[in-house]
C-alpha cells in the first residue's frame, strides 16, 4: 500500500511539473535573441524613445513603468520577442 501511495505521489509531481518556469526573451533593442528562465508567470517588453532612437527592454515579470514608456506584458513562453 505504501508503495502504491509513493508511486501516485511521484506521478502527480511529474504530471503537474511543479518546477515549471517560464521562458522570456531578455535581449535589448535589436540585439540577437536571448532567453532566460523566470520564476514569474509573465514576460514584459518595454518600448520608449530617447536621443538614440527607439529603445526596447525585455525581461521577466510585469514591472510598473513611468509615463511615456509603452509596456506589454504576456503569459506564454517567449511571448515578448
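Heads up, the Cβ atoms here are built off N, Cα and C, so glycines get one too.
Annotated features, as they stand in Swiss-Prot:
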SIGNAL    1-21  signal peptide
DISULFID  24-43  disulfide bond
DISULFID  38-60  disulfide bond
DISULFID  62-73  disulfide bond
DISULFID  74-79  disulfide bond
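Between the candidate disulfide-bonded residues, 24, 38, 73, 74, 79, the densest Cβ environment within 10 Å is the one around 24.
Checking the disulfide-bonded residues (24, 43, 73, 79) against residue 60 (disulfide bond) with a 10 Å Cα-Cα cut-off leaves 24, 43, 73. Cβ-based crowding with a 10 Å cutoff singles out 43 as the top-ranked of the disulfide-bonded residues 43, 60.
Considering only the disulfide-bonded residues 24, 62, 73, residue 38 (disulfide bond) has 24 as its nearest partner by CA-CA distance. With a 10 A radius on its CB, residue 62 (disulfide bond) counts 16 other CB atoms from all the protein chains.
Here the CA atom of residue 73 (disulfide bond) lies 6 Å from the CA atom of residue 43 (disulfide bond). Proximity to residue 62 (disulfide bond), judged by a C-alpha distance within 10 Å, picks out 74 from the disulfide-bonded residues 24, 74, 79.
Closest by Cα distance to residue 24 (disulfide bond), from the disulfide-bonded residues 73, 74, 79, is 79.
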